[in-house]
Amino acid sequence: MHTKQELTVVEHLTEFRSRFIWTLSFFFVSFLISLYFSRSIYQFLTQGFSQKLIVLGPNDILWIYINIASLLAFTLTLPFLTYQVWAFVVPALDKGEARSIFWYIPAVFCCFALGLLFGFYLVSPALLQVLLSFGDGLFDTQLTAQNYLAFLLHTTIPMAVLFEIPVLVAFLTSLGILSPRFLVQYRRHAYFTLLVIAVVITPADFTSDLAMTVPLILIYEVSVGISKWLYRKKEKRRTYYGNLT
């Protein structure tokens, strides 16, 4: 005979399975739609080139379209996935907590999209120019479509993930796991970590490393500011309810 607690666990697992299936279905539909428009998206991504990029075989064309569709489908699915996570945990929250956490849904999507745009319009062109300059007068450079798209993915996706730092910091601060004091105390460690990340992502060129490090530091400082604001807001609320009691 099942206890009430066991039934509750089963119900949670059933709900988790249902939301997981809905998320996969949403991703699959988004993938099909993105695949339909992948040709137009590829033309947009390569519009900066004066000549068409080459492919080494028919498999490369399929690889390009699938990767474009996968990235766009993931971006479109991200707010839906975030909503499903919110809806799954909302029964354990009060109305105020549920309402405040709900705003992380558009924040996650917006920060990810901003990171992609930042990587595509600023980071990728700068890095590509630096890398190609290494071969001036030495090589006859011919970019393949597959290599160029792989280069874009390796520069834009890390930036999109790093742009989620403010959202993650805000979420952990609201839960009381992270404090602005901790972020300030370990600021130098964070700067060093961000510098290492910038060096790993960019080529061995001081200008490129600096161009990547500065935005990452700004993202960290924005995260510190958000954490301070949320922490003060929590302290004011705690003081207010403490005075009432």
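In case you wondered, yes, glycine gets a Cβ from its N, Cα and C as well.
Just so you know, TrEMBL annotations never went through curation; they're auto-generated.
Residues annotated as transmembrane segment in TrEMBL: 20-42 (among others). Proximity of distant same-chain residues to the transmembrane segment (20-42), defined by a Cβ-Cβ separation under 8 Å and at least 6 residues beyond the stretch ends, is recorded for 64-66, 68-70, 72-74, 76-77, 80-81, 84, 145, 149.
The transmembrane segment feature in TrEMBL is assigned to 62-89 (among others).
Look at TrEMBL and you will find 101-128 (among others) tagged as transmembrane segment.
Same-chain residues lying 6 or more positions outside the transmembrane segment (148-178) and placing a CB less than 8 Å from one of its CB atoms are 42, 45-46, 53, 64, 67-68, 71, 100-101, 104, 107-108, 111-116, 118-120, 123-124, 127-128, 197, 201, 216, 219-220, 222-224, 226-227, 230-231, 234. The feature transmembrane segment is assigned by TrEMBL to 148-178 (among others).
The feature transmembrane segment is assigned by TrEMBL to 190-206 (among others).
Same-chain residues lying 6 or more positions outside the transmembrane segment (212-231) and placing a CB less than 8 Å from one of its CB atoms are 118, 123, 162-163, 165-166, 169-170, 173-174, 178-180, 183-184, 187, 190-191, 194-195, 197-198, 201-202. The transmembrane segment annotation in TrEMBL covers 212-231 (among others).
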